[in-house]
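Report on the structure given below.
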């Protein structure tokens with residue numbers, strides 16, 4: 001078996017690894033620069049889940065050479081072999097990546113001109129002599145592409161980032177909508193925090209109000225071009241049309257024979273002795289399924305056979321390819337079969353796949369196609385280790401940092417900002433991460449001071465640490481794992497200063513959830529029965545009693561974490577099981593109310609999916625939100641569709657327009673009716689922004705009912 005020295009560290013721990021092909025060899029890309037790709041190069045990516053299960057992606061820039069794409073294909077095949085032939089393999093082409101791939105980079109992908117041949121290197125530097133112009137496109141999948149540095153590259157309908165190293169300008173065209181501005185601002189923050197280690201200054205620029213610093217570089221503003229509609233997407237009518245072929249090399253040469261000319265197919269058509277091609281080329285997708293008993297040559301040549309097939313059919317060279325071993329079929333593949341059943345013992349998604357957690361790890365209910373909650377985060381924020389390194393915490397007070405008593409590490413007050421310095425060893429070197437945690441109720445002065453103190457701390461350590469800004473409620477799994485066996489406890493308000501604990505308002509409720517990355521957090525929520533959730537544990541303290549409530553779908557980790565919350569609140573708890581609550585329990589919560597009791601949450605077969613419907617391009621387009629979705633993915637100027645398998649929700653944003661409001665229900669109905677798995681007739685519920693029932697909010701962890709009271713754009717701008 002051929003093997004490369006880079007393979008030795010491959011797939012050893014959960015998360016993302018990225019290599020670039022340089023002179024026909026594999027060179028790792030530094031963590032802070034993942035998500036930046038040179039269009040003249042080819043890359044190999046490996047994503048490992050905790051199971052472990054693996055995704056291998058070979059990414060081809062639009063200007064990469066035949067030699068480089070050939071080398072990437074060979075390394076992908078060798079890595080697949082090295083990992084035992086179990087990974088799912090994807091072929092990704094610039095601008096046409098799969099949702100799985102886009103899900104690793106929630107704050108967007110950046111394409112840069114040039115490549116290794118023209119001397120461009122992936123190095124993190126504090127070098128401020130950068131000069132580039134990036135065009136930001138996309139509403140769910142964000143792509144920032146380097147374009148020529150001149151006013152002629154601009155247009156009124158897009159946002160652009162003028163990156164000058166020390167200063168990063170986010171320029172918004174007059175026809176840009178709010179959601180696009182929001183996303184472009186996030187790309188700007190990402191450049192500052194990751195590529196510049198927090199050392200650049202961000203500026204917001206509106207078309208027509210360009211500052212002198214910009215005109216110095218770009219010259220006087222010329223006429224800005226009108227907005228251009230995006231390329232037409234394939235209409236959804238031919239979405240689910242596929243054909244199935246068998247690949248064989250009985251005659252010595254690879255041969256392809258038709259098995260079924262149009263979907264839906266039956267699972268029994270796939271024989272374990274063979275390999276198959278599922279042709280959905282109309283929609284730019286080709287799948288290869290590898291039977292476990294197929295001969296070695298067929299299994300190894302799967303990707304090559306698919307590439308040959310695309311050529312023979314005359315399909316676009318941008319077609320995506322997924323190679324799937326039995327048991328790792330993705331959601332996208334399974335929807336072509338009317339009777340698909342997963343075996344319980346496979347690593348495919350099984351009934352235990354429930355939201356926000358994964359059942360006992362032996363069963364590894366992981367669907368690689370839809371990276372579950374923390375996995376997309378873990379890939380991006382790097383679950384660098386198990387959180388057992390050294391932790392130091394300071395609170396921001398009067399413009400300075402004050403150490404927090406180690407006894408109360410893990411307690412976070414919404415009225416505070418904290419700096420958390422985490423140090424760990426990687427090989428012989430000591431590495432550092434600075435987490436800046438910002439409470440939702442802290443003052444503007446503290447926010448500003450926290451940013452300044454972070455840079456100061458970073459400078460004092462020679463600029464080596466990785467900086468991660470965290471807003472209350474959006475904690476990455478690694479931060480949650482720093483408190484060992486204690487959960488991270490997040491209090492809605494107050495401060496940890498002496499005497500600053502807001503006098504507990506009589507009744508308090510804490511929501512405890514264990515995440516798939518193995519960390520647990522307890523979040524204080526409004527003491528109302530509508531916030532309960534059958535999948536989790538809650539601690540309720542009223543002036544006269546203390547309860548630990550266990551939902552039917554809760555697990556032992558959550559019960560264990562409740563003990564820490566109880567000892568923080570003080571008192572002797574009564575244990576309450578769902579459906580056996582005493583009357584005092586309900587009266588402490590202000591009466592019984594409907595809450596998230598969905599059985600489907602306990603024994604869910606399919607991961608939930610979120611789609612946005614938007615006609616911002618002049619036609620109504622539906623796109624899936626890549627990776628794990630959060631409440632901020634609900635675009636207030638669109639209509640969104642949430643598919644929870646046994647029902648569909650249509651969520652109407654306050655600023656959605658008429659076309660979207662009338663078109664979305666038709667799309668939702670068509671989506672369900674055309675599903676080969678036969679879900680015609682499942683309930684479709686329409687809800688309005690601000691009036692979401694618990695059956696909807698329960699799919700989003702730590703739903704914040706006040707989120708839209710402040711403008712999302714203003715919230716992001718506050719981080720500039």
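From the backbone N, Cα and C atoms, a Cβ is placed for every residue, glycine too.
Positions annotated as domain 'Gelsolin-like' by TrEMBL: 26-102 (among others).
If you average pLDDT over the domain 'Gelsolin-like' (142-213) in this model, you get 91. Residues annotated as domain 'Gelsolin-like' in TrEMBL: 142-213 (among others).
Annotation source TrEMBL lists domain 'Gelsolin-like' at 262-333 (among others).
Feature annotation from TrEMBL assigns domain 'Gelsolin-like' to 400-480 (among others).
Positions annotated as domain 'Gelsolin-like' by TrEMBL: 520-586 (among others).
Summarising the annotation, TrEMBL assigns domain 'Gelsolin-like' to 622-696 (among others).
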Stretch among 26-102, 262-333, 520-586, 622-696 sharing the most Cβ pairs under 8 Å with the domain 'Gelsolin-like' (142-213): 26-102
Helix, strand and coil counts within the domain 'Gelsolin-like' (262-333) (DSSP): 26 helix, 19 strand, 27 coil
Which of 26-102, 262-333, 622-696 contacts the domain 'Gelsolin-like' (520-586) most, counting Cβ pairs under 8 Å: 622-696
